[in-house]
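Per TrEMBL, the features are as follows:
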DNA_BIND  16-55  DNA-binding region
DOMAIN    79-178  domain 'CoA-binding'
BINDING   Gly90, Val91, Gly92, Asn93, Leu94, Gly95  NAD(+) binding site
Amino acid sequence: MEQNKIPQATAKRLPLYYRFLNNLYQQGKKRVSSKELSEAVKVDSATIRRDFSYFGALGKKGYGYNVEYLLGFFRSTLDQHEITEVALIGVGNLGTAFLKYSFLKNNNIRITKAFDKDPNKVGTEVEGVPIYSIDEMDKHLGHIRVAILAIPASEADAVTDILVKHGIIGILNFTPARITVPKHVRVHHIDFAVELQALVYFLKHYPLEKDE
Ligand SMILES: NC(=O)c1ccc[n+]([C@@H]2O[C@H](COP(=O)([O-])OP(=O)(O)OC[C@H]3O[C@@H](n4cnc5c(N)ncnc54)[C@H](O)[C@@H]3O)[C@@H](O)[C@H]2O)c1
(Lines of atoms letter the chains of each structure in order from A and count residues from 1; the text may use other names and numbers.)
(Lines give C-alpha, C1' and ligand atoms only; values in the text may rest on other atoms or scores of the structure.)
Protein backbone atom coordinates (compact mmCIF):
# COMPACT_ATOMS: atom_id res chain seq x y z
CA MET A 1 0.00 0.00 0.00
CA GLU A 2 1.25 3.47 -0.79
CA GLN A 3 1.14 5.13 2.57
CA ASN A 4 2.20 8.49 1.20
CA LYS A 5 -1.15 8.85 -0.57
CA ILE A 6 -3.05 8.89 2.72
CA PRO A 7 -3.82 12.46 3.81
CA GLN A 8 -2.00 13.41 6.99
CA ALA A 9 -5.28 14.11 8.83
CA THR A 10 -6.40 10.55 8.05
CA ALA A 11 -3.07 9.07 9.11
CA LYS A 12 -3.33 10.87 12.45
CA ARG A 13 -6.72 9.27 13.13
CA LEU A 14 -5.53 5.71 12.42
CA PRO A 15 -4.13 5.11 15.93
CA LEU A 16 -7.50 6.21 17.37
CA TYR A 17 -9.36 3.69 15.22
CA TYR A 18 -6.78 1.05 16.03
CA ARG A 19 -7.08 1.51 19.79
CA PHE A 20 -10.87 1.28 19.77
CA LEU A 21 -10.92 -1.77 17.47
CA ASN A 22 -8.36 -3.49 19.63
CA ASN A 23 -10.60 -2.98 22.68
CA LEU A 24 -13.59 -4.40 20.79
CA TYR A 25 -11.53 -7.36 19.69
CA GLN A 26 -10.40 -8.06 23.27
CA GLN A 27 -14.08 -8.06 24.27
CA GLY A 28 -14.81 -10.68 21.61
CA LYS A 29 -16.89 -8.39 19.37
CA LYS A 30 -17.10 -9.56 15.79
CA ARG A 31 -18.43 -6.50 14.02
CA VAL A 32 -18.94 -2.81 14.52
CA SER A 33 -21.21 -0.33 12.76
CA SER A 34 -19.86 2.96 11.50
CA LYS A 35 -22.27 4.68 13.92
CA GLU A 36 -20.77 2.86 16.92
CA LEU A 37 -17.28 3.59 15.67
CA SER A 38 -18.16 7.21 15.12
CA GLU A 39 -19.60 7.64 18.63
CA ALA A 40 -16.66 5.92 20.28
CA VAL A 41 -13.85 7.79 18.55
CA LYS A 42 -15.80 11.05 18.24
CA VAL A 43 -15.21 11.36 14.52
CA ASP A 44 -18.26 11.83 12.29
CA SER A 45 -19.20 8.80 10.23
CA ALA A 46 -18.72 10.56 6.88
CA THR A 47 -15.10 11.24 7.83
CA ILE A 48 -14.66 7.64 8.96
CA ARG A 49 -16.05 6.34 5.68
CA ARG A 50 -13.79 8.69 3.75
CA ASP A 51 -10.76 7.69 5.83
CA PHE A 52 -11.49 4.02 5.25
CA SER A 53 -12.06 4.58 1.56
CA TYR A 54 -8.36 5.36 1.16
CA PHE A 55 -7.74 1.72 1.95
CA GLY A 56 -10.44 0.36 -0.35
CA ALA A 57 -14.05 -0.24 0.73
CA LEU A 58 -13.79 -2.14 3.97
CA GLY A 59 -17.36 -2.01 5.28
CA LYS A 60 -20.65 -3.50 4.07
CA LYS A 61 -24.00 -1.71 4.20
CA GLY A 62 -26.19 -3.09 6.99
CA TYR A 63 -23.33 -5.20 8.35
CA GLY A 64 -20.74 -2.67 9.37
CA TYR A 65 -17.11 -3.56 9.66
CA ASN A 66 -15.53 -6.87 10.51
CA VAL A 67 -13.51 -6.12 13.65
CA GLU A 68 -10.84 -8.76 13.20
CA TYR A 69 -10.26 -7.93 9.54
CA LEU A 70 -10.11 -4.21 10.20
CA LEU A 71 -7.81 -4.67 13.16
CA GLY A 72 -5.41 -6.80 11.14
CA PHE A 73 -5.54 -4.22 8.42
CA PHE A 74 -4.70 -1.30 10.70
CA ARG A 75 -2.09 -3.34 12.51
CA SER A 76 -0.12 -3.81 9.33
CA THR A 77 -0.76 -0.24 8.16
CA LEU A 78 0.49 1.13 11.46
CA ASP A 79 3.36 -1.38 11.52
CA GLN A 80 1.91 -2.81 14.74
CA HIS A 81 3.08 -6.31 13.82
CA GLU A 82 6.59 -5.22 14.68
CA ILE A 83 7.83 -3.43 17.75
CA THR A 84 9.06 0.11 17.33
CA GLU A 85 11.63 1.11 19.89
CA VAL A 86 11.81 4.70 21.06
CA ALA A 87 14.45 6.57 23.06
CA LEU A 88 13.52 8.97 25.83
CA ILE A 89 15.77 11.98 26.26
CA GLY A 90 15.47 13.54 29.72
CA VAL A 91 14.31 11.48 32.70
CA GLY A 92 12.86 14.27 34.83
CA ASN A 93 9.27 14.76 35.97
CA LEU A 94 7.76 14.34 32.53
CA GLY A 95 10.18 11.68 31.28
CA THR A 96 9.66 9.53 34.38
CA ALA A 97 5.90 9.74 33.90
CA PHE A 98 6.33 8.43 30.33
CA LEU A 99 8.40 5.50 31.56
CA LYS A 100 5.76 4.67 34.13
CA TYR A 101 2.97 4.76 31.55
CA SER A 102 2.57 1.38 29.98
CA PHE A 103 2.87 1.79 26.23
CA LEU A 104 2.70 -1.98 26.01
CA LYS A 105 -0.99 -2.19 26.67
CA ASN A 106 -2.47 -1.32 23.30
CA ASN A 107 0.31 -0.86 20.87
CA ASN A 108 3.75 -1.99 19.97
CA ILE A 109 5.69 1.17 20.58
CA ARG A 110 8.06 0.94 23.53
CA ILE A 111 10.55 3.20 25.20
CA THR A 112 13.47 0.84 25.56
CA LYS A 113 16.31 3.24 26.34
CA ALA A 114 16.58 6.56 28.13
CA PHE A 115 19.31 9.19 28.09
CA ASP A 116 20.08 11.93 30.59
CA LYS A 117 23.03 14.06 31.57
CA ASP A 118 22.55 13.82 35.34
CA PRO A 119 25.27 11.51 36.74
CA ASN A 120 22.90 10.51 39.56
CA LYS A 121 20.46 9.09 37.03
CA VAL A 122 22.90 7.60 34.52
CA GLY A 123 23.42 3.89 35.23
CA THR A 124 20.05 3.49 36.97
CA GLU A 125 16.74 2.12 35.62
CA VAL A 126 13.14 3.26 35.72
CA GLU A 127 10.53 0.53 35.15
CA GLY A 128 13.25 -1.67 33.70
CA VAL A 129 14.38 0.96 31.18
CA PRO A 130 18.11 1.71 31.46
CA ILE A 131 19.29 5.33 31.63
CA TYR A 132 22.46 6.06 29.70
CA SER A 133 24.60 9.16 29.49
CA ILE A 134 23.69 11.48 26.61
CA ASP A 135 27.43 11.62 25.90
CA GLU A 136 27.44 7.90 25.18
CA MET A 137 24.63 7.84 22.68
CA ASP A 138 26.86 6.36 19.97
CA LYS A 139 27.42 3.28 22.17
CA HIS A 140 23.83 2.74 23.24
CA LEU A 141 21.29 4.12 20.75
CA GLY A 142 21.54 1.12 18.42
CA HIS A 143 18.90 0.99 15.67
CA ILE A 144 16.45 3.39 17.38
CA ARG A 145 15.21 6.11 15.01
CA VAL A 146 12.55 7.85 17.13
CA ALA A 147 13.10 9.99 20.23
CA ILE A 148 10.97 11.78 22.80
CA LEU A 149 12.45 15.07 23.93
CA ALA A 150 11.70 15.87 27.59
CA ILE A 151 14.61 18.12 28.60
CA PRO A 152 14.73 21.84 29.44
CA ALA A 153 14.02 24.06 26.43
CA SER A 154 17.44 25.68 26.74
CA GLU A 155 19.06 22.30 25.92
CA ALA A 156 16.75 21.40 23.07
CA ASP A 157 18.80 22.65 20.10
CA ALA A 158 22.10 21.16 21.23
CA VAL A 159 20.51 17.80 22.05
CA THR A 160 18.57 17.76 18.78
CA ASP A 161 21.86 18.09 16.91
CA ILE A 162 23.20 15.08 18.82
CA LEU A 163 20.07 13.07 18.01
CA VAL A 164 20.20 13.91 14.30
CA LYS A 165 23.89 13.07 14.20
CA HIS A 166 23.06 9.62 15.56
CA GLY A 167 20.38 8.88 12.97
CA ILE A 168 17.15 9.91 14.72
CA ILE A 169 14.52 10.81 12.10
CA GLY A 170 11.43 11.35 14.27
CA ILE A 171 11.22 13.58 17.33
CA LEU A 172 8.24 14.02 19.64
CA ASN A 173 9.12 17.36 21.18
CA PHE A 174 7.60 18.16 24.57
CA THR A 175 9.84 21.16 25.17
CA PRO A 176 8.45 24.60 24.37
CA ALA A 177 11.46 25.18 22.05
CA ARG A 178 10.88 25.21 18.29
CA ILE A 179 13.83 23.09 17.23
CA THR A 180 15.59 23.29 13.90
CA VAL A 181 16.17 20.04 12.03
CA PRO A 182 17.27 18.97 8.55
CA LYS A 183 14.54 18.20 6.00
CA HIS A 184 14.56 14.44 6.49
CA VAL A 185 13.68 14.71 10.20
CA ARG A 186 10.04 14.91 11.26
CA VAL A 187 9.20 16.79 14.44
CA HIS A 188 5.84 16.70 16.22
CA HIS A 189 5.38 19.31 18.95
CA ILE A 190 3.19 18.64 21.96
CA ASP A 191 2.45 21.51 24.27
CA PHE A 192 -0.19 21.09 26.99
CA ALA A 193 -0.25 24.83 27.70
CA VAL A 194 -1.02 25.70 24.09
CA GLU A 195 -3.69 23.01 23.86
CA LEU A 196 -5.32 24.20 27.09
CA GLN A 197 -5.27 27.79 25.90
CA ALA A 198 -6.90 26.72 22.64
CA LEU A 199 -9.57 24.74 24.52
CA VAL A 200 -10.42 27.70 26.76
CA TYR A 201 -10.51 30.01 23.72
CA PHE A 202 -12.87 27.68 21.88
CA LEU A 203 -15.14 27.31 24.92
CA LYS A 204 -15.40 31.07 25.15
CA HIS A 205 -15.83 31.90 21.47
CA TYR A 206 -17.48 28.78 20.08
CA PRO A 207 -19.55 27.33 22.96
CA LEU A 208 -21.22 24.02 22.08
CA GLU A 209 -24.93 23.50 22.51
CA LYS A 210 -26.27 21.02 25.03
CA ASP A 211 -28.12 17.89 23.81
CA GLU A 212 -31.90 18.21 24.17
N1 LIG B 1 4.77 19.62 26.42
C2 LIG B 1 4.15 19.74 27.55
O3 LIG B 1 2.95 19.80 27.57
C4 LIG B 1 5.00 19.81 28.77
C5 LIG B 1 4.50 19.60 30.06
C6 LIG B 1 5.39 19.65 31.10
C7 LIG B 1 6.74 19.91 30.85
N8 LIG B 1 7.14 20.13 29.58
C9 LIG B 1 8.52 20.39 29.19
O10 LIG B 1 9.21 19.14 29.24
C11 LIG B 1 10.56 19.37 29.57
C12 LIG B 1 10.91 18.55 30.79
O13 LIG B 1 10.14 18.97 31.90
P14 LIG B 1 10.36 18.29 33.32
O15 LIG B 1 9.37 18.90 34.23
O16 LIG B 1 10.37 16.81 33.16
O17 LIG B 1 11.84 18.82 33.68
P18 LIG B 1 12.87 18.21 34.70
O19 LIG B 1 13.80 19.32 35.05
O20 LIG B 1 12.15 17.48 35.79
O21 LIG B 1 13.67 17.11 33.84
C22 LIG B 1 14.57 17.43 32.82
C23 LIG B 1 15.55 16.25 32.69
O24 LIG B 1 16.38 16.51 31.55
C25 LIG B 1 17.71 16.21 31.92
N26 LIG B 1 18.61 17.00 31.05
C27 LIG B 1 18.90 18.31 31.09
N28 LIG B 1 19.74 18.64 30.10
C29 LIG B 1 20.00 17.51 29.41
C30 LIG B 1 20.80 17.20 28.29
N31 LIG B 1 21.53 18.13 27.67
N32 LIG B 1 20.83 15.92 27.85
C33 LIG B 1 20.11 14.96 28.48
N34 LIG B 1 19.33 15.18 29.54
C35 LIG B 1 19.27 16.45 30.01
C36 LIG B 1 17.82 16.60 33.38
O37 LIG B 1 18.93 15.97 34.01
C38 LIG B 1 16.47 16.10 33.89
O39 LIG B 1 16.55 14.73 34.28
C40 LIG B 1 10.69 20.89 29.77
O41 LIG B 1 11.17 21.46 28.55
C42 LIG B 1 9.28 21.34 30.05
O43 LIG B 1 9.05 22.68 29.68
C44 LIG B 1 6.31 20.05 28.57
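Any Cβ shown, glycine's included, is placed from N, Cα and C.
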Confidence summary for the domain 'CoA-binding' (79-178), mean pLDDT rounded:
92
My understanding is the cutoff is Cβ-Cβ under 8 Å with a sequence separation of 6 or more in the same chain; which residues meet that for Val91 (NAD(+) binding site)?
Leu99, Ala114, Asp116, Asp118, Lys121, Val126, Ile131, Ala150
Spatial neighbours of Gly92 (NAD(+) binding site) that are distant in sequence (at least 6 apart) but have CB under 8 A:
Asp116, Ala150, Ile151
Inside 8 A of the center formed by the CB atoms of Gly90, Val91, Gly92, Asn93, Leu94, Gly95, which other residues of the chain have their CB, for the recorded NAD(+) site?
Leu88, Thr96, Ala97, Phe98, Asp116, Ala150, Ile151
In the domain 'CoA-binding' (79-178), how many residues does DSSP assign to helix, to strand and to coil?
28 helix, 29 strand, 43 coil
